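TrEMBL annotations:
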- A:1-10: compositional bias 'Polar residues' (COMPBIAS)
- A:1-21: region 'Disordered' (REGION)
- A:28-254: domain 'Cytochrome b/b6 N-terminal region profile' (DOMAIN)
- A:61-80: transmembrane segment (TRANSMEM)
- A:124-145: transmembrane segment (TRANSMEM)
- A:157-177: transmembrane segment (TRANSMEM)
- A:189-211: transmembrane segment (TRANSMEM)
- A:223-246: transmembrane segment (TRANSMEM)
- A:279-300: transmembrane segment (TRANSMEM)
- A:355-379: transmembrane segment (TRANSMEM)
- A:400-425: transmembrane segment (TRANSMEM)
- A:431-451: transmembrane segment (TRANSMEM)
Amino acid sequence: MTTTSDTYNFDPTAPADSRRSGGITGWASRYVDERTGISYVVREFGRKIFPDHWSFMLGEVALYSFVVILITGTFLTFFFQASMAEVTYDGSYGPLKGLEMSAAMQSTLHISFEIRGGLLIRQVHHWAALLFVASTMLHMLRIFFTGAFRKPRELNWVIGFVLWILAMAEGFTGYSLPDDLLSGNGLRIIAGMVEGIPFIGSWILWLLFGGEFPGTAIVGRLYTLHILLLPAAVLAFIALHLVFVVTHKHTQYAGPGRTNENVIGVPVLPVFAAKAGGFFFVVFGLLMLMGAFFTINPIWVYGPYDPSPVSAGTQPDWYIGFADGALRLMPGWLGGPGGVPMEFVLFNTTYSLNILIPIVVLGLFIVAVMLYPFLEAWVTGDKREHHIADRPRNMPSRTAIGAAGVAFYTVLFFGASSDLIATHFKVSIESMITILQFMLVLGPVLAFFVTKRICLALQKKDRQIVLHGTESGRIVRLPGGEYIEVHEPVDEYERWKLVAFNDYEPLMLRPNAAGRIPVTERARAAISRLFFEDRIEPVTSTELEVARHH
Amino acid sequence: MANDTNLPGHDGPSDSLVPVSTADPGTAVERSDALRNPGLPPHRLRVTDTDPKKAKTAERVIVALFYVSLVGSIFAMAAYFAFPIKPNDLGSVRLNNVFVGIGLSFALLAIGVAAIHWSKVLMDDHEGIDIRHPVKGDPKTQARAVEIFRQADRESGFNRRVLIRNGMIAAFAALPFPAIFLFRDLGPSAGTPAEAFSHTMWKAGTRLTKDPTGDPIRASDVTIGSVFHVIPEGLNDTEDVLEEKGKAAVLLMRLEPGDLHVSPEKRTWNYDGIVAYSKICTHVGCPVALYEQETHHLLCPCHQSQFDITREAAVIFGPAVRPLPQLPITVDSEGYLVARSDFHEPVGPSFWERRGDYNV
Amino acid sequence: MNDEMKPRRRKHGRRSPLASVALVLTGLLMTGGAYALFTAATPASASVDLTSTQTIQEGKKLFAANCATCHGLNLAGSDSGPSLIGVGAAAVDFQVGTGRMPLAKDAAQAPDKPPVFNDTQVKQLAGYVASISPGPGIPAASNLTLTGDATKGAELFRINCAMCHNVAGAGGALTEGKYAPNLMETSPSHIYEAMLTGPQNMPVFNDDNITPQEKQDIITALKTQSKSETVGGFALGSLGPVAEGLFIWIFGLGAVVAFTVWLTAKAN
């Protein structure tokens, strides 16, 4: 799979040379090689170079938390019963004794209270799931803000995007399995949303739950998705993701000696393997600490699912929060009760805009995340390969768009905890929701302009440093009596980091062969202006010369 | 120690090597007087490279860490036995969780820290360099790939024998549909969802009983300011308790009769200020149960929709649009509260087949 | 963050990060042990005869000085405070005993605060108000023994109380700045009185709705729960997934990112 090369350069003399040496290791590697031809892989990838930067490790955090999820999840499957059959609880937890509950809930309690280390593994599993999605998103943000999605990596961005969606799906299906009150109400909300879909909503719900909500089928069905279909898909996409990472070779930040044509860093064997391998144990260890010291999802407090009770502060796990927030921030009546209803009946069918608008807005947001690399490529028209990751400030408009997206997502996320914010900051939930509704519209706009200004200011500062050096804080009196602060010039290595970036100018509209300007080109030019009208150019050698003689 | 590790392609910008990509730069600005890449800075030695004592210390630390991990693993196993889980003793669960967890954390973290420390201070740290090649295949390979496709086309007649090709496409297109049909039996074979959503187990004469005990409620039990969580009588004996409860759960409150604004057609639906409303939110179905006895507002804890009980549960805030359906009630000969009928409209969230002519 | 930009000082080798890691781990081990062995204490209460003339006389004085301005000398209430006719000793014990009354300032609702009066004074006030117009009394100690059926109580709590107070009793938001308070530290008698009297916006749960035995079950469940919910470690305020999400972003990812910085920083 990874050996994409078209020729197989087997050198029959090479293993012969080493035949006599190597002791047991040598013997073992020869034994394997003569049966698999693995030495080719080792030769190609054993000394492959990986650049060293903390932000390049975030994807690994996601990968490792997924591995932890697989390990702990396998343990849990040995004890968990994905059945909604009614049983009577008779375990260690007093306040639930004698209560009717589903076998799923009972077996989860059994794991927590009767299996030694069971609670630990369950908590590690859940913490790892939260970390999996969180690190996936942090990784995506790193990729986005450094432009590491540009050609040739656009498709890998899409693969990573699919992994993000799959990670959320994994999380949600797992969250619902214990059949407790909290997750049950979460499912109730999903069922209610599904019900609101035009034409097919009620039928989808009917099929999903095997009849009316909650039915007796859903836990078993989610379990199949959770432990079979979704993990298989995640694994497949991770494999694909990594194949592309190897094919493309990792990006690196601009720096002395680093060009678009090379990769500078540490070799896989031994340094990177030791670091990355060690890092797996660190991530696992940290998750184990969390599992040992911090309660997560205490289902025994929530109790078994029952459609009648509900808890204050009913929220989904954080990564679904943005969807819940969208539902909360959507007003049922535009302009307050008595205004325009967001649900109405037309020709004896009901249109639930209060459900549909959040679904559509979230859908558009997610699709925009997926398509951004293609939009930027279209606007710049840049068909070159890019292997040098940008500093976020050097692409102000992209960074500003990213900040706007983060603001939008964050407002939705906080929307899902509006009641908790309200009680903790002593505001009323009504004003909290109104504030967040305004923030949802204004926040991204504000974030866009502020971020763009900050980026441009930072770029200007970089230019100053390159041209006039850094402020040393040393004040010197000149012979003429004038006081000046001495500026220390930056050395050429530092300087290179500050000037090595791409810049683009706005698209100039030119008529095509038919003498016309197509609409698409007009649109492209408009977006291009928005992107690149305000720009700071990198310092050139000519400018540097002028500054020096000044 | 100067740039001895530098290979071609690393001592300057893209001019000394064939660039990875010579494609169209779009609107990117390319300058002839751009500054040049200064090449790799001189390699800096670590203290462990220059001072053998430091190297020795580092080695000891790493060894020690691996042994810490070993101790951690043993500790975890010892904790497994030393802190057993005793039946009905939650404290023992807590001790087991904490101590097994600490042992395993040490075992894992120490391995990780040791391996990373080893790689950082003792393994060779000279920068390695890989040369990049364009991702696309070289022209010869590309040409060969195209040729293979052409040849396959020629040999199979894929584009020539149009009837075969189209027949094949049609066959493939039809294939997924049987699979979709198979999914129909995920749901029950009888009835339609809209039908099921439109009725609950309330009917004329069904007593209102307390959730979860099922004890009937007398009108006189419901004092002003009280709220009762109600299920229909006999619910706990039905086959599908949760499904029925999910539709039939009701909230019962008593207000001063003068506080209620009752529309003419619902004049008989309350009993002396006692009103019963569906507990299932008309937004997405959470139980709306937060009743404020002074303001007479009902709040849904999931999405903050608010309903005004004095005005027949009309929405006053939040994402819900419709009022909560009201259950018409009265008392029977023994003074117990009973339903006059089922709800006059489907309870819970809206769905496509929901009509506009209920309630009349 | 680039390694070349860092000052090249730190001559004393590179033992510090490892030492600190070891220190942190040892610290965690010790806190873990100490924490695991920690157990909660149990409260106690005083007894005053509510019907004695002396109690009522003392209560009358206190009432005239501290309460009559708003509630009126004859308990009939005024524009600034509701009538207290028929509220009974339970309501007084709850409102004054939790510090909600006397009201400090106008707010969406009266918050609990350190009580102004001591236990005896609270009982004297309660005795006085009950002597003018009878109402629900302070629950007998036999009703607060915490020996009820925790399973029944927990179920009743989920159905009748959790929607406002949260399943763990952590409290929650109501409309227009009001809130349902946290119940974890509330004494059994105050919980009982609150159910009986329905203070402020809380509905009344009279003895026909939730019987005295069921009230005791609820309190038993609540107290059992607040003791046992720490089985898995620190409860993060029992606020559910939001607290867990913030924890993973701030502390989980924070720790992981700190490690990535250490991992990729060039050694001295």
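Placement of Cβ uses the backbone N, Cα and C atoms for every residue, glycine included.
Long-range Cβ contacts of the transmembrane segment (A:431-451) within its own chain (Cβ-Cβ under 8 Å, at least 6 residues beyond either end) map to 325, 328-329, 331, 396, 399-408, 410-412, 414-415, 418-419, 421-422. Under 8 Å from some Cβ of the transmembrane segment (A:157-177) lie the Cβ atoms of residues 62, 69, 80, 82, 104, 108, 125-126, 129-130, 132-133, 136-137, 139-140, 143, 149, 183-184, 186-187, 218-219, 222-223, 225-226, 230-231, 233-234, 237-238, 240-241, 244, 297, 316-317, 319-320, 366, 369-370, 373, all in the same chain and six or more residues away from its ends. Cβ atoms under 8 Å from those of the transmembrane segment (A:400-425) belong to residues 141, 144-145, 312-313, 315-316, 318, 320-326, 328-329, 365, 368-369, 372, 392, 432-433, 436, 439-440, 443-452, 455 of the same chain, restricted to positions at least 6 beyond its ends. Below 8 A, the CB atoms of the transmembrane segment (A:124-145) and the transmembrane segment (A:223-246) form no more than two pairs separated by six or more positions in the chain, fewer than 3 in all.
Listed stretches A:61-80, A:223-246, A:355-379 were compared with the transmembrane segment (A:279-300); the greatest number of C-beta pairs under 8 angstroms is found for A:61-80. Listed by sequence, the residues of this chain that lie at least six past the ends of the transmembrane segment (A:355-379) yet keep a Cβ under 8 A from its Cβ atoms are 140, 144, 149-151, 153-154, 157-158, 161, 165, 192-193, 196-198, 322-323, 326-327, 329-330, 342, 398, 401, 405, 408-409, 507, 524, 527-528, 531.
Below 8 angstroms of C-beta separation, residues 1-2, 45, 48, 63, 66, 70, 73, 77, 80, 82, 153, 155-156, 159-160, 162-163, 166-167, 169-170, 173-174, 177 of the same chain, each at least six residues beyond the ends of the transmembrane segment (A:223-246), sit close to that stretch.
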